[in-house]
Every structure is written in structure tokens, then in C-alpha cells.
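Colleague: Quick one: structure below, then a few questions.
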Amino acid sequence: MKKLTALFNLPELKNDIELHNMVLDSRKVKAGDLFVAIKGHQVDGNQFIDSALHSGASAVVSETELSSEHLTVAFIGNVPVVKYHQLARHLSSLADVFYDSPSKNLTLVGVTGTNGKTTISQLLAQWAELLGLRAAVMGTIGNGLFGQIVEAKNTTGSAVEIQSSLSTFKHAGADFTSIEVSSHGLAQHRVEALHFKAAIFTNLTRDHLDYHQSMENYAAAKKRLFTELDTQIKVINADDEIGYQWLTKLPDAIAVSMNADFKVGSHQWMKAINIHYHFKGADITFESSWGNGVLHSPLIGAFNVSNLLLVMTTLLSFGYPLENLLATAKSLKGVCGRMEMIQYPNKPTVIVDYAHTPDALEKALIAAREHCQGELWCIFGCGGDRDRGKRPLMAQVAEQFAEKIIVTKDNPRTEPQSQIEADIVAGFKNMEKVGIIPDRAQAIQFAIESAVENDVILIAGKGHEHYQIIGSEVVHFSDQEIALDFLK
């Protein structure tokens, strides 16, 4: 419960009001709530104030473009409406006050980068649990205490949802939380008032240019987590070109590399000296500021070696002993829809992965090749109503690294599938090894029935998702379920 006057530092109202929750969606308002009316990219919350009042809102905070109106109070009936200049920009701070600064009372780790956010945030929470902590996670797969995750709409929720969720986790006994921090979330100031014990940067490759317009804007949004927000420990992938540039400007950051010859300079550091890949993962010989050793990874692919080193480095920076981390690492498990291997006797191996950018697809195919003695198949599509420029690049990657390719539906949304396919096909030099099967289930069936035992089939793009968005409809669809049906 928070009093209206305390939240906005207002002079005493005649009748101060105790508020239960901050709510952005007028359809979810309950009696006693504060309705937050912000001007979003598509919808202006001010248009829904009447609806919120009808649902029982006890007060409203309304975004105004006039600085002269800031913190002025009007009334609709008996309900106070507080005008707030640049409300969206300051919403994280308001929610931080409303929910009593939950991130100050948690070990909070933010993870940003184009690829690897989900794997790293899930591994952080999983490893924290193995170390005896109660962990929660927020991100693409969902939000909640580890093992009790509820599906989420966006990678990074609204400023209010984040603070509210952190408060819920804290009251449920969590002492550790990992959160995926998207470029949208950073650009829109949704994590502005969070107190990060650490932040991890994975990599930066082409994605979301439909929103950011340029790679420079995209990189600048990511960088804010390390230069403008309250972040104590900065863990950077030094093998990424942007990460390496940032390290030159961040002397207090920790450098993590898979390059044995990496020159660490003045930074704290972690680097792989030798990596032995095998069917069950990898054995990573490393040296670091905290000591040397061998880390046994249960995850396949070189990029997952990088992910795991970033996670272990972060936990080492918190003071967890190296021997404890190496002992507990053996119990780590893979992440749903992230290089998830499905195998049946005498059948091709199927790998389901979320790869939906050119860089991620390349890394997934290279990782799949490690486990392929026959031909490597790649099934992929591209999302509709999204960055068209990456579609031919995805085709180029598939053609370079796979022997057999099937182009299919991803989430076409409201864009014609034929347009998406045309954009993808424009990237192929030779169509001889390419098939187009728009129906995703039929594409998976064809590959499984055509491939032989030593082949590997990478089904890319959807990962953990159990739906397809076709038009404005969301229909049930799971790559894993379809693959299992045809492997049995």
C-alpha cells in the first residue's frame, strides 16, 4: 500500500488515498488501484481513463506534454488525476518508489545483447539455485521463481511490471534475480531505476532495425546499461567487436574471451585456453583472475561456451568460490528451445533452436555441425511485419552452412507469406538444395522422413514458443511436439 501524496510528494490532499497497485492496462484495473495513463507508441492511455474509473481506480496519473502542468491535480468526480510531464520516461522511478525499491533488496543481474540473453539468464538462475539461493528469472521464456515460470508477452516487461514482479519475487523469498534487458526496454527507459549488482553483455549483431533504424542506435541503447544506469559489476564478451570497443572505455569492466591469446590489459578477466567439444557438451580449460581449472559444460556449441563463461565469471565476481562453481556446474541443464536436442534410435537427430537472426543461425548451424556425421538440414522462416533486410542474410547463412534447406513459415503475422519467402529466396545463389514448404509441420515431416540416421536437422526460429502468429490469430504450434510425432 502506498499513499498518493507520498508517491508524488504532493501537498496533503484533503482525503489522502491508499493505493494497492499501479496498473497500465485499464482492463486490469481493480478497486484501489492507481491507473497509469501514458502515451505509448501505438496507444494513448489517456483515452482509457474513463474505463479505468469505471473499473474502480482510486487515482490516475496522466502523462502531459506540458511541463507547466507537472504535478497539478484535477478531479473527475472524487478521483484525483495527477498530471505528470514525461511520465513514460520516469515511470521506472515512480514504480520503484511505489514498490519500495525491490531491486535494492535482491541480487539483480541484467543480461543484454542480440543473442544469448535467455540462455544466460536461465543459467544464472539455475546456478544460483544450485548454490543454495532462491532465484527468479524474467525474460523471453517467462517470469517467475525458477521452476515456476509463467509465460511473458515481451522480453523486457513494462517499467511497472518489472518493479511489481521484483517485489513479488522478494516477498516470495527470492534473493537472486536475472533479467533479460532488451534494447527496446533500454531505449524506452523501462529499467531506468533498477539497481543492478551486475550486467552482462553477450554480443551485438543485426536485429530490431525496424525499430532502431541503425546499428549505431541499437548499440547505443544496449550500452546504456553499462554507462548510464546503476550497474555495479560489468561483464563483457571481449570476442564481440562492440564488446571489445566498450572494454577500452570501461576500465572497471571484466573481460571474458574464448581466445587463449587475448591480452587482458588492466581488466579482471576470464579466458578459455582449450575447448574439447563432444556429444554431451564441452570441456573448457580456462584461466582467470580467480584461478584456473576445467569447466564441464552440458551445453552444445561454441557460443554456449561463451555464455557459460560469462555466467561463471559473474558469479565469481560476486565472491562464490571457484571450486563450488566447478562442482555445481555438472548439474546444470540445457534451456528449453536453445540448441535442444531430440534423438530417437535409428533416426536423424533434431535440434530445436530460437535462432532468428543471421548471426544466431550461423552459430546454431556451426554447433549442429559438431554433432553431424551426415548431411546438415536447416528449416527456417522469418517473422512477418519485421526487419525485411535480414531475410536474404538468413538465406546466405543457411546456404553456406547446410546441405539441405527448407524455407517455411515462422510467425508471418499480417504479412503475406509469399512476400516473406521472396525476400528470403533473394539471398540464395543456387536453389538446388532449397525447398519451399510453407506449412511448418509439413516442412518438419518432410525433413525427418527424408533424412537418414547420421543427419542432423536444425529447426530454427521458434525455440521455446508453442504458437504461431498467422494474421492476427495465435494458433498452437510447437516444433518439439511436431518433431516428436514424426520421430516416433
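The backbone N, Cα and C atoms fix where each Cβ goes, glycine too.
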Colleague: Starting from the meso-2,6-diaminopimelate binding annotation in Swiss-Prot that includes Asp410, Asn411, Pro412, Arg413, Gly461, Glu465, which of Arg369, Arg386 is the extra site residue?
Modeller: Arg386
Colleague: Please identify, among the binding-site residues Asn411, Gly461, Glu465, the one with the smallest Cα-Cα distance to Asn115 (ATP binding site).
Modeller: Gly461
Colleague: Cα of Pro412 (meso-2,6-diaminopimelate binding site) to Cα of Thr119 (ATP binding site): how many Å, rounded?
Modeller: 25
Colleague: With helix taken as DSSP H, G or I, strand as E or B and everything else coil, how many residues of the motif 'Meso-diaminopimelate recognition motif' (410-413) land in each class?
Modeller: 0 helix, 1 strand, 3 coil
Colleague: Which residues, in sequence order, are found in the same chain with Cβ within 8 Å of the centroid defined by the Cβ atoms of Gly113, Thr114, Asn115, Gly116, Lys117, Thr118, Thr119 at the ATP site, excluding those residues themselves?
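Modeller: Filtered neighbour residues, in order: Val111, Ile120, Glu180, Thr202, Asn203, Asn307, Ala360.
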Colleague: Here's one to test understanding: among the binding-site residues Asp410, Arg413, Glu465, whose C-alpha is closest in space to the C-alpha of Gly113 (ATP binding site)?
Modeller: Glu465
Colleague: Within its own chain, what residues at least 6 apart in sequence put their Cβ under 8 Å from the Cβ of Thr118 (ATP binding site), listed in sequence order?
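Modeller: Sequence-distant Cβ neighbours: Gly139, Thr140, Ile141, Glu180, Val335, Arg338, Tyr354, His464.
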Colleague: Measure from the Cα of Arg386 (meso-2,6-diaminopimelate binding site) to the Cα of every one of the recorded positions Thr114, Gly116, Thr119, Lys222, then give the nearest.
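Modeller: Result for Arg386 (meso-2,6-diaminopimelate binding site): the nearest of the recorded positions is Thr114.
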